[in-house]
Structures are given as C-alpha cells and as structure tokens.
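Per TrEMBL, these features apply:
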- LYS112: active site, proton donor (ACT_SITE)
- LYS76, LYS100, SER369: substrate binding site (BINDING)
- THR200, ASN239: NAD(+) binding site (BINDING)
- ASP154: site 'Important for catalysis' (SITE)
Amino acid sequence: MAKSIANTAQEPHFFDDVSQFFDHAAQFTKHPKGLLDQIKTCNSIYRFSFPFRRGDQIEVINAWRVEHSQHMSPTKGGIRYSEMVNEDEVMALAALMTYKCAIVNVPFGGAKGGICINPKNYSVNELETITRRYTVELIKKNFIGPAIDVPAPDYGTGEREMSWIADTYTTMNPGQLDSFGCVTGKPLSLHGINGRRAATGRGVAIAIRECVDVAEDMKRIGLTPGIAGKRVIVQGLGNVGYNTVKVLLEFGAVVVGVCEYDGALYNPDGLDPDAVLEHRKNTGSILGYKKATKEFRTPAEGLEQECDILVPAALENQLTEENIGRIKAKIIAEGANGPTTPGAEAMFVEKGGIIIPDMYCNAGGVTVSYFEWLKNLSHVAFGRMDKRYEEMANLNLVNTVEAITGKTLTPAQRMTIVKGADELELVNSGLEDTMIRAYHEIRETKNTNAGIDTLRTAAFVGAINKIAVSYQNLGIWP
Ligand code: NAD
C-alpha cells in the first residue's frame, strides 16, 4: 500500500516540499533508487556575489543560478528579483522547471535564477547595471547560452530585464548567430514572440477550463461542469494573475476577488481587473476601489472568501496547514510556483477539493518560451513563410465549392475561411494544444493507477517516467 504525504505540524522548506511530492510519486514508478536520486538532485548550483556601486557606497548583491537537470539541453527557467530569494527557493524552482518541461514535452532541463533585491528600491538605471553584471557573471561561468541555459522572466522581472540580458550576452559574444536565443520573454522588437507575455496566464485559464469541463469530476466536488459563471479569486495581479483572469473573463467566468500585497477586494457580482489596476495606478493602492463590496487590509483574508476557484498567482507557501481549512474554493489552480505546502494539499484533497498543480498549471510560459527559442534559432517568425500560400489554397477551395454548389459565401464567411494563421494564432494554438493534452494525460495517469490520490502525484509520476527514460538512453559517461 502506498504511503500518503504526512500532515507535518512543522512546515518544511520549499525544496523539501518539492522533494516530498517527488518521493511520494516515486512510489508509483518502478525506477531504481539511484536513478530516482539522480533525477531529484540539483546538478549545478552557482551562488555568487558581486559589488554594486550606489552613490559613494558599495553594496554586495547576492545571486544564484541553479541548473537542476541536464538530461535535456539547454536548461531553462526564469530569473526572480525578490528580497526573499534564497538558495533553497532557487533550487526548488529549478527542480519544478525540470518536471514542468517533461509534463508539457518541452525538450529542456530545468533551471532557475534569482537576485536577492527588492526591485522597487532601485532606479531603472540601477536595475540595468545589476542585471547586466548578473549576466556577465553567468557568462564567465558558462551558465548562460542558447545551447546551455536559457533564462526567462519570473517574479519581479519582465521583458525589460530580458532585453538587458540579451543585449549583454550578444555584446559579449559577437558574431554568434543564435545569440538572441540566450534568453526568452524578450519584447517583440528584440526577437521576442507574439503571445509570450500572456502565455502563462492563458495556460492557467486553459488548465482551469479543462478541469471544470469534466462533468464526472465536477459532480464529485459539487460543481456544475463548464467555466461560464464560475466564481474566481486571484492572488497577485501581476503577469500570471492578470493574464489568467483576463482569459477567464473571456471564457465567461466571474472574478469575484482580487488579493494584492497591500490588501484584498471582493464583489460577488464581479470585479474588473483593468479598473482595479487603474485605481491602483491613480491612488497607489488597490484599497478604496469603489466597486468592491468588501475590502480587507490583510491580503490573506481575501483568499478565504466565497468562490469556486482560487488562483494563487503571487508566491510560494501561501496555502498552509494554518489557513487551508478556511479556504472555500473547491478548486485551487496554482498559477504561482509552490503556493500550497504538502500538508495543506493533503488536507484540501481529503476535504474533496481539486488542486491543479503548478508544474502543469503554469507551464504555458515555458511552452511559449520554447516557441520563442525555436523562432530565434530559425531566424524567421512563425507563419511568415506559409500564411499567404495557405490563404491562396483556402481561396481556391472556396471558389471551387462556390462554383460546384452555385452558392456564394458572405464576405465575412469568406474571410473567416480564407485567412491564414499569423504568429499569435499559431502560438496560441500550440499553447492550447499543449495544455489540453497534458491535462488529460495527467488525469488519465491518476485515474488508471490505484493509489494515486492527486493530480500533482500523477503529474510527478508522468514527469519522472519521461526523465528516467532520457537518463537511461543517455547512459553514463565516463
Ligand atoms: P509578477 O511580479 O509579475 O507578479 C506578482 C504579483 O503578486 C505582483 O502584482 C505583486 O504585487 C503580487 N504580490 C506579491 N506579494 C503578494 C501577496 N502577499 N499577496 C498578494 N499579492 C502579492 O510575477 P509573475 O511573473 O506573475 O509570477 C508570479 C508567480 O508565478 C511566481 O510564483 C512565479 O514563479 C510564477 N510563474 C511565473 C511565470 C511567468 O511567465 N512570469 C511562469 C511560471 C510561473
């Protein structure tokens, strides 16, 4: 009989959490212990410090890059800027990247980086200096490159930082044809890809839709199937949270709650995330937004309000054994990495809830990063070569059907059928296909293996099996 994850009174650290989830899932695989240990361990941990000149003072900046697994190359994972960054966190996030890539069949190993700073305390020029120096440190140790390790945005970073990294790397590697593939999440003007900015959130929304569309599973947790009308609370209106709720609104869900670092808002009839952000821009806080029926100065209280789906999309360790009992949602969709501790997950699932695990749920970002990397290596935008050819072929087909049937399409109908796909449509289609396939693969693993209790365990089992095959095929050299 398989062991379940213990409800430990003392919450362990983040890498331990990931390892606990891994060990639990490993019971359902048949791989030798040594191979499992190799998959679990972080292969390369680079911790470094560098000086930063601030006025007439010198500040020491602490930074990390962890490459968790090179069973596939390059390794891939975001860079986080936060005062809370530490080695344990970067190791855990790097490990999650390995499993995430395996789940969505992205041929990369996992990595993660972090700089221990609060970006709000630095000017744009200072952030540029720190980012460029961080990049140079990675170059010096061969911890970055389109075939080595490819960073991306994470908490506290975005297109701007990715541009500085790309420019620094390219400057230091003159003539390297693929140099812009050294980082993803770049702006479009600098060899980025349409759809990357919203990709993680779009992926989270698709994951939620797939989950709530399964009538049998919804019946079990007392919800009706379908996304329309489902009440959602989001924690964090940043890149992931904002784009998740924007797409969920398109799908017909209602955003009843928004939690940010400075407080939380609630309205059972729905909140407009753009209006909330506009209010914060004008006043400096989300609090005081007139269309909220309730507001909370303690952000965590916002998580505990009435809803069907909770989307933690800020940071790890938000749902613990201390607060999980007060969560009213039936579904937790992990936009953030590691928001739920193992003990909290065990309690939530025992109560009958569903957790869509981070390593699948937020994998849309790395999926589209993979498309961006492919674009950088091929040096051509998706759709550029075949869009017009596709349109001509469609037009010939429409003309032939019209000639045979004697009927004519309206200009709007004709346009819909004839139009070839552009880059955004291709990217979103690839993303959607990836998220749908992966969800049903995970669900199938759960339902066909006695003893697998959660989607997370099923996701880990699938990932471990795929990574094990890669390691076995690679062999050991020397
Ligand atoms: P972000 O910096 O764009 O946004 C984070 C948001 O959370 C900000 O609006 C911040 O104000 C808010 N926040 C901070 N502390 C909070 C608190 N205590 N309560 C409520 N809100 C709080 O970061 P992001 O890129 O959206 O990343 C969020 C999470 O998603 C992280 O766990 C990250 O690892 C994960 N993730 C991001 C991506 C990506 O493509 N950006 C991909 C996969 C996973």
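Just so it is clear, glycine is given a Cβ too, placed from its N, Cα and C backbone atoms.
For ASP154 (site 'Important for catalysis'), the binding-site residues whose C-alpha atoms fall inside a 10 Å radius of its own C-alpha are ASN239, out of LYS76, LYS100, ASN239, SER369.
When the recorded positions LYS112, THR200, ASN239 are compared by Cα distance to SER369 (substrate binding site), the shortest distance belongs to THR200.
Spatially, by CA atoms, the binding-site residues LYS76, LYS100, THR200, ASN239 include one closest to the residue listed as 'active site, proton donor', and that is LYS76. Here the binding residues for substrate are LYS76, LYS100, SER369. Their largest Cα to Cα distance works out to 13 Å. The C-beta environment of THR200 (NAD(+) binding site), restricted to residues of the same chain at least 6 apart in sequence and closer than 8 Å, consists of ASN239, VAL240, ASN243, THR244, GLY335, ASN362, GLY364, GLY365. On its own chain, LYS76 (substrate binding site) has MET97, CYS101, VAL106, PHE108, GLY109, GLY110, ALA111, ASP149, VAL150, PRO151, ALA152, THR184, VAL366, SER369, TYR370 as residues at least 6 apart in sequence with a Cβ closer than 8 Å to its own Cβ. A Cβ distance below 6 Å to any atom of ligand 1 is met, among the recorded positions LYS76, LYS100, ASP154, THR200, ASN239, by ASP154, THR200, ASN239. A Cβ within 8 Å of the Cβ centre of LYS76, LYS100, SER369, the residues given for substrate, is found for these other residues of the same chain: GLY77, GLY78, MET97, CYS101, VAL106, PHE108, GLY110, ALA152, ALA363, GLY365, VAL366, THR367, TYR370. Every protein chain shown contributes to the tally, and the Cβ of ASN239 (NAD(+) binding site) ends up with 23 other Cβ atoms within 10 Å. The Cβ of LYS100 (substrate binding site) lies under 8 Å from the Cβ of VAL106, GLY110, ASP358, MET359, TYR360, ASN362, ALA363, VAL366, ALA463, each on the same chain and at least six residues away in sequence.
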